[in-house]
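Record features (TrEMBL):
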COMPBIAS  205-229  compositional bias 'Basic and acidic residues'
DOMAIN    62-151  domain 'PPIase FKBP-type'
REGION    183-229  region 'Disordered'
SIGNAL    1-21  signal peptide
Amino acid sequence: MNFRCIVMLFAIFLVATVTVADDGEEEGTNSQGEEESAVDDEVTIEIITPPPEDCQRKSKRYDQLYMHYVATLTESGKKFDASYDRDKPFDFQLGAGQVIKGWDEGLFDMCVGEKRKLVIPPSKGYGKTGAGDRVPPNASLTFEVELLSIKDGVPPPNIFKQIDADDDNLLSAEEVSDYLKKQASKAGQRQEDKDNHNQMITEIFNHEDKDKDGFISHEEFTGPKHEEL
């Protein structure tokens, strides 16, 4: 993997969540429109099978969850995916950005044996782009999920803290650039041309620096981070 690939992977990781979040935004909305948008942006959770009475543990952030699910398009009811069809549970780390936002928000405080139905708006699903031929753009998604087991998970690395060299809780373009160069060096790769590198830094800041003050704050950063500063 060359240096540009490393930079692109980092940028894609940062941009992915932002792209989904931006899908629900429209310019020029008034306060009433913003309120309606907030409602439309919520994940609806329905309990199909309640938690067992003897539930000793509920799912929490960074747990490794093993699920079965059936996924349909909310409007048409057409199935586009199901773990049952593969006869293999799907596993992921909750709250680590490994799945769509609707799952990361809708599967907390769940017990083994519990079943839920999640209705997920496009902004917390696959957004304006959809997902190949199976999920059209701007599609609301419905998932019926069953939690099979929970295992302890290891929190992901705090990338924000690794980039924030001066510990001021703000990421400068220089800090992001230095971090990417160091990762390339660790991988034994040389840096690509300066123009490509600078262009990628610009793209990262276009997406991450929401208030356009020249820095990426902890709140703005959408890569791996811990809530504590």
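Every residue gets a Cβ built from N, Cα and C, even glycine.
Secondary structure by DSSP for the domain 'PPIase FKBP-type' (62-151): 13 helix, 37 strand, 40 coil.
Taken through DSSP, the compositional bias 'Basic and acidic residues' (205-229) splits into 4 helix, 2 strand, 19 coil.
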